[in-house]
Amino acid sequence: MLSFGLANQTEPAMAEQSYNSSSSPLPETVMCNHSVDYKWTAYTVVYSLVFILGLLGNAGALYVFCKLSVKNRLSTIILINLAVSDLVFVLTLPVRVGFYLRELWAGSGGSGTSAGLPPHTQRDMDVLDLACRASTYLFYISMYCCIYFLTALSVCRYLVLSGRLSYHNLVYCRRVRLLCLGIWVFVVGGTGSYIAALGGFNVAATGCFEPSTHETWSFLYQVNLLVLVVGFAMPLVLVLLCYALMIRHILRAQSGRRARDVALVCLVLLVFLMCFLPYHIQRTLHLEYVHRADVPCEVKAKLQQSVVVTMCFAAANSCLDPLIFLFVGNGFMRVVREILQAWGFRDWPWRKGSYSANTGNLSCEGAATPPMQPIQLPLMPAQPLIPAQPLMPAQPLMPAQPQGTELSDSSDRTSL
């Protein structure tokens, strides 16, 4: 089983300064003294915003999907699993933010004495370490489930657009449910295999998921290469292939109704290229150089600084995914409009519209189009009424002359 639960080498450990490990210290090739105080503020601000926006967006999306009258659709099944995977990560953020706030207030090593906070007890350190490990595992589960669900959504969109399957086919719906279940089992099982490989939660480290030996770092680097290929590179290539074929189909169709499909392509590519690509590049570079003795500490310090940026972009994925629901979720905007109207927003400006794909019978809510106003023609000035003319008396009909009279008259004239 693939090991997805990589060590938290790309995010400074939540509990790395909370306790002193009883195991052997980290090799000097890894340990470099540089300030990491900037990370507390950055993580606290970004994770707080991601928690608020991600919780509202994904929990609200699940509520809307529960209100849909038709739930047996390929896109709806995948999007529900996508929202759940985002919530798995979002719900762990308060634990991280709480730890970062404590370190931010303490200011020095997490002892708590400089800020008037009580020092950490052994029980507190154990709880922090367990919370760090659990939240990190859930982060990787959420991220790679999201990658696979976006890939499955891209493939389904292309197959529907090209006419190879229908969204309403119950057989395909059952297969998609099995596919989503397989993704969950695959990712969660891969994380569990990593736990077993490193001896469960009893990892000898100075902090949460910080290995203490050179061999452990080498093992993580090899696992990272496998995860990089199977967990990110292959899905990205498949997404690019599907969307290239989809755009070619859209251009051939020359239909103005495909604007939402183009927007979906741009949004999914934005998630992959902005949220996932920098993270995987930085993680690979970090594991490549962190345990090497010939790499100066300045380079390692720059890599640690880039950790903050890539982690924040990776976390922002939970806020961008709800935007996909607007372009794919069938009837999503209709239910949103009904909910807003029930809450008192009667003047919801978006007008219901729909379009049907020739192959998928996919109906989507239309764009914001103002309602048509009745045409008012200008009134002509009133004209004075003309009095009716009196009727003339009927004239008596002239009696018809006999036919012989005209002939006799003409004969008389010729005789003259």
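Every residue gets a Cβ built from N, Cα and C, even glycine.
Caution: TrEMBL annotation is automatic and unverified by curators.
The transmembrane segment annotation in TrEMBL covers 45-66, 78-101, 137-160, 181-205, 225-250, 262-281, 308-328. TrEMBL lists 57-325 with the feature domain 'G-protein coupled receptors family 1 profile'. Feature annotation from TrEMBL assigns compositional bias 'Low complexity' to 391-403. The feature region 'Disordered' is assigned by TrEMBL to 391-416.
Cβ atoms under 8 Å from those of the transmembrane segment (308-328) belong to residues 10-11, 38-39, 42-43, 46-47, 49-50, 53-54, 57-58, 60-61, 64, 75, 79, 82-83, 86, 89-90, 93, 142-143, 146, 150, 153, 157, 260-261, 263-264, 267-268, 270-271, 274-276, 278-279, 281-283, 364 of the same chain, restricted to positions at least 6 beyond its ends. Long-range neighbours of the transmembrane segment (45-66) within the same chain, counting only residues 6 or more positions beyond its ends whose Cβ lies under 8 Å from a Cβ of the stretch, are 76, 79-80, 83-84, 86-87, 89-91, 93-94, 96-97, 100, 312, 315-316, 318-319, 321-322, 325, 329, 332, 335-336, 339. Confidence over the domain 'G-protein coupled receptors family 1 profile' (57-325), given as mean pLDDT on the 0 to 100 scale, stands at 81.
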